[in-house]
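Trainee: Quick one: structure below, then a few questions.
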Amino acid sequence: MRRLLLLVALIWVCSVFYVGIFLFVGGFLLVRLEVNRTSSCADVLSPGAQMKGDFCLSEPRFRRAVVLIIDALKADFTRYDPENTTPKPFENKLPVLNEMTSSQPSNARLYTFRADPPTTTMQRIKGFTTGSLPTFIDVGNNFASNAILEDNLVHQLGQVGKRVVFMGDDTWVSLFPKKFHKSLPFPSFNVKDLNTVDNGILQNIYPTMEGNDWDVLIAHFLGVDHCGHRFGPDHPAMAEKLSQMDGVIRSVIKRLKNDTLLVVMGDHGMTDTGDHGGESQKETDAALFLYSSSPLFSAPGSQEEPEVVPQTDLVPTLALLLGVPIPYSSVGQVLLPLFPQNGSRAALAGLSQAEALWINVKQVNRFLETYSNMAKDIPADSLSQLQADFSNISSHYLAAIHNGHLPSSELVISMQNYLTSVRETCRASWARFNPFKMAAGLIIVGISCILCYVLSEFSHVVLQEGLLKLPILSGVVVGLLVAAGQLFFQGYPETSWCFAAAAVTSVMFFLWGIHSAKCKRTPCDLFTPAMLVLFLRCASLLSDSYVIYEGHVVTFLLFTLGVFVPLRLNWDGLLLPPPAADTPKPHRLLPTVLPSSLVRRETTVLLIWLGQLVGSLYVSLSFHNCREEQGACQPSAFLSPLSRIQDSQLRNLHYVLSVLSLGMWGYLIHRWLRHYGNLNCSSVTVFLSCFLVPVTCVCIGLHWAVSATPEDTFRSLSELIGVAQVYIPRASFCLLALGLLLLWVDPMTVFLKSRTPLNSRGTSLPPPKYRASTGISPQAELHHLIPQLYQRIRHSLDDGGTESGEVDNRPAVEAYGLGTVYSAPLVQLCGLLGLVLLLLHPEGMALAFLLLLLEAGAVLHIHAGSTNLCSQQRHSNDFTVPWGPVVMWSLVASQFFHTTGHLPTFPSIQWSAAFVGFPQGHTGTLLPATLVTLNTFSSQIIFAVACPLLLFWPLVCEVRVTRSDRSSAESEDAVMEMRLRENPQKFSSGLLQLTARYLFVTGAQVFASVCAAAILRRHLMVWKVFAPKLMFEASGFIIGSGFMILGVAMVMRVDISVGRLFKKLLPQNSR
Amino acid sequence: MWDLEIRGMASAHAIIASSMFMATVMPAVLVEKFSVYGTHMVWLYCVSGSVAVVNIAVFWLLGISPPTKKNTLSYKISRLFRSGLYFLLSCIFFHTVVVLYGAPLLESALETFSLAVLLSTLTTLRCLCILGPNVQAWIRVFSRDGLVQDLVAMSVWDTSLQITTGCSVMGAWLGAFPIPLDWDRPWQVWPVSCTLGATTGFLTGLLAAPVWIHWHRKQLTYKLK
């Protein structure tokens, strides 16, 4: 019951947090409504102006178009600098563009083509076919792209009967199902595959162009993008790929007819590491090249050329050039150089600039009206301003037309200004907040932090007196009442507000219950240095500079906390043994229980562990990734996958290092378990530790080797490699999942041995043959065990039977590994989880994971050591973990978030994790999303699961006073974690306290980043720094708390097993 | 008696503080183009040197240092040698700590080491002056009640040592805070903010020690000399 109560309490606290987070995020992140209307030829844009439709008024300028989309064609790739004699692999590889623009200036133009963030392929396709702006919330949909429902170019082309032929990236087919006249999709998911899509296109594009069964040809090349993802731009493969593209463009130009427009464009750019998704200029700036064999542009210099073309502008331009209606919700602006100026009307057919702009303005105005009727996003004052502008333009234009002379150039400029300001208004208002939800979310997250603190202070009361029933019930009731009320008055319930009401009510009832329980408070320990460090950490989240340097800030704070431990102990006079007894101690006698040699040993051990902590902290700094804001910062060499390293010796070195650390990871955990005798039983654990983990390690090592092999070296084995890339990681996943399952089914790691009556008195070792007869452990193993691990279960389940005098009367039982019965399964769980997560990381991160293990061990041992040293002064029997280690634990978790190469930015998400074991890509969204989430929050997961270890470790490392006189047998026996068993009430309240404290510490950080996002929502850096930080912190908290509950559940599971074990023993004993 | 000690300490502290002030002002008159940020190293070594000299002089004149057991010359020389060694070791220790805290390892190693020298001057040198080259005693001084248990007599000087050392180190620690901020100020350059923090902390400690001891004179049980 108390176990269930503990879990319920934790789940309740977490859900209050979740409600707060979701409320805030719901008000903070922005959503844009989709307008599901379509334009058509018959549309009359402004009533009464023209008789027939506006869009299909005149003869289209081009009958056909070829659109070549080269994924991730960065603007830099297309520049040509003849003076650059030593070009990098990505420079000067597309000379055709330069040749065309310089030799035929009236036929070709090259522009920088600026995408809107997020710069992921699907969002971009959406953007340059619908002409609308994507919102922040769309980012996650890259895996299963759903059909575009908004009006778009492909739809419009189909409507007027153009035959659209598509070939290339299969994302298009899922975005535009059944819209193409003919489509040749090729799989895009395998990032490592540089050639399938491109070769597929090349086989088909020329025959198609030469044939006559097409009007618009869209070809989407993926090779450049995949090359960037796999090798980065600065790699010979990129040169090869770009040269291939150069050839493609040349041959396409050769086959162009006069009535055909060629558009070559990149959908986004890439960073220096070849990634994209964010909003840095390197990612947003792509290239746009326009060409036609008939003169298209007026002579250069005759009119103003735009420096940068926004991506949305392509939509209305293409639409008007091809004679189709502009898609309904486009906010783009026609690209003026493509339209003849007013004076030169006679030279070229088609719309003039003013006419094109006029149609464009009317279309945008219509969209604005529709949208403002549907959603109240756009602020009224700017809306009315835009309306006024429009009517002004409209009257001027119509007057000019009516008078029969051409619209003036001022009018053209004012139309351009109107379109630009509409675009900016939309951009701004699709970044608008819901202040009520934000405030409510902020308050609830704050309340939940207070709740966690109260829970940790009164954990014993909460579990004993059942204070939880009323709050939870009342919360549910109030939530339902609010829902019913909303249903009655509004007609529909708003779930977020119902949850908010439920959360607030339940917390209030709980606090009231605590208040009326009138239990005495422990002295306030809110102003300890640990709390100061936590405060500093939270304060640092409010400054963009500190968020940018977060990895260093956390390391700095951790170092401070670590160094503070011995200083504090020394201040309390506990670090060194008290000086020789000849000095009189007049003031007070310390209740010293430890002899000075032990104190000295403990101090040395503590300092050694501190050294390890400090050392691993320092080394961990070299695994960090770099944000773009950090300037002169080099990402860690271990972050790039092995296949990207070109120097084969370096690659081998990295591989060996990774495999060694993988082996160390397995060995250290195995060694720990063996040391505490948990490997003597014949249960699942031994199987796990001795068989499953090594096999998995071998699998992981093989997987790394396979994925690191350069593609060209083993051509004959490529099929085998392909198979191995699929099945080895999957096999490892299965093995690890099996391990986790087995661990859950049978977490006991105790080997029991009934004592022979002969041995029952003494504490001497059992005879050697006895050891052999168990047939489980080799001799060497037992040498470790004997001094510490043999212990008797002196107490029976009757309680109180712990007197040492009774020992002789009862038949005692010896148990190996009972001292670490709770922590051993947790350690194993972490070991297995660590392997799963490591598999999802780049190979070099194995070192970081080993460091994580060492550092976690150091923190645990420092905590245990300082507890031992403190026990000289106060011998408390309740299992309280002070704030210091808890804060440290959570800081280590955020430190390793950075040390495993992650950053709180979207471009730094390691998407390659989704392809481990699935190199061909996925069909659903759930699995890849899970894999990427596991990869991203691996550090939070491991530390959250291992959180209860903070409670166990001081018991595991308890000092056993071995007096020379051996007066009492009591002091010599190792009790270790059986203390918890002796005191079940205190055990569960201690566990609740620990977890509540951990939740408080992590929750406070979430609260701080929520505050940062709320306060600084107009800050320049909000979308670059604070919003992503909030998203990462909040998701880290949600994932972490979930896994913490899992860890606690594991402990509870073990507790049940231990209970059963004792029940089983009892009849045995009485027999 | 009691007040005399406090007064003596306060005046000694005042002398040290004024020497630091002079070390900042004097070079400005004598050296061309002197500024605390611009020629930071000059300033740093001026301050370190003056603090060192004044400290040694004050404590030697006042005779605070623990009485030597033997009065032979060779013993004195070995003591002096040990003190010098300890000072150097403490410089290296501070350097290591600062590097572990995240200072660059190779570039601007000289600056880092200068910071270590300054910190050693502000902390270790005072320890050497007051307690002699006796690490055990140093460790004991920094515990709440270690002073009383120890054989070294507890005096106001020990308390002031606690306070000034703590303040200097805290000041240097706080001085690291503004470094990552993007304000582009001259004092954000490594290690200016840390040295400024350390000196400010030291000055605060010098000021705070007499006040604090005066305030808590009832609770403090000193063994009077």
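Cβ from N, Cα, C; glycine included.
Okay, these came from TrEMBL:
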TRANSMEM  A:7-31  transmembrane segment
TRANSMEM  A:436-455  transmembrane segment
TRANSMEM  A:495-514  transmembrane segment
TRANSMEM  A:548-567  transmembrane segment
TRANSMEM  A:685-706  transmembrane segment
TRANSMEM  A:726-745  transmembrane segment
TRANSMEM  A:820-840  transmembrane segment
TRANSMEM  A:846-867  transmembrane segment
TRANSMEM  A:879-897  transmembrane segment
TRANSMEM  A:937-956  transmembrane segment
TRANSMEM  A:996-1016  transmembrane segment
TRANSMEM  A:1036-1054  transmembrane segment
Trainee: Can you work out whether the transmembrane segment (A:1036-1054) touches the transmembrane segment (A:495-514), with the criterion being 3+ CB pairs under 8 Å where the paired residues are 6 or more apart along the chain?
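Mentor: Between the transmembrane segment (A:495-514) and the transmembrane segment (A:1036-1054), which are separate recorded stretches, there is no contact, as judged by 3 or more close Cβ pairs.
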Trainee: Please indicate, using numbers and ranges, the residues of the same chain that are 6 or more beyond the transmembrane segment (A:937-956) and have a C-beta under 8 Å from a C-beta there.
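Mentor: The answer is 676, 819-820, 822-823, 826-827, 829-830, 833-834, 837, 840-841, 852, 856, 860-861, 863-864, 867-868, 879, 881, 885-886, 889-890, 892-897, 899-900, 902, 975-977, 979-980, 990-991, 994-995, 998, 1035-1037, 1039-1044, 1046-1048, 1050-1051.
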Trainee: Which sequence-distant residues neighbour the transmembrane segment (A:846-867)? Criterion: at least 6 residues beyond either end, Cβ under 8 Å.
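Mentor: Same-chain residues near the transmembrane segment (A:846-867) but 6 or more away: 562, 565, 568-569, 602-603, 605-606, 609-610, 612-613, 616-617, 619-620, 623, 638, 657-659, 661-662, 664-665, 668-669, 834, 837-838, 881, 884-885, 888-889, 892, 896, 899-901, 939, 942-943, 946, 949-950, 953-954, 956-957.
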Trainee: Rank A:7-31, A:436-455, A:495-514, A:879-897 by Cβ pairs under 8 Å to the transmembrane segment (A:996-1016) and hand me the top one.
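Mentor: Ranking A:7-31, A:436-455, A:495-514, A:879-897 by Cβ pairs under 8 Å to the transmembrane segment (A:996-1016) puts A:436-455 first.
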Trainee: Looking only at residues six or more beyond either end of the transmembrane segment (A:548-567), which have a C-beta under 8 A from one in the stretch?
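Mentor: The answer is 529-530, 533, 536-537, 540, 575, 603, 606-607, 610, 613-614, 617, 620-621, 624, 627, 629-630, 862, 866, 884, 887-888, 891-892, 894-895, 898-899, 904, 1025, 1029.
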Trainee: Quick check: do the transmembrane segment (A:495-514) and the transmembrane segment (A:879-897) share at least 3 Cβ pairs under 8 Å, counting only pairs 6+ apart in sequence?
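Mentor: Between the transmembrane segment (A:879-897) and the transmembrane segment (A:495-514), which are separate recorded stretches, there is no contact, as judged by 3 or more close Cβ pairs.
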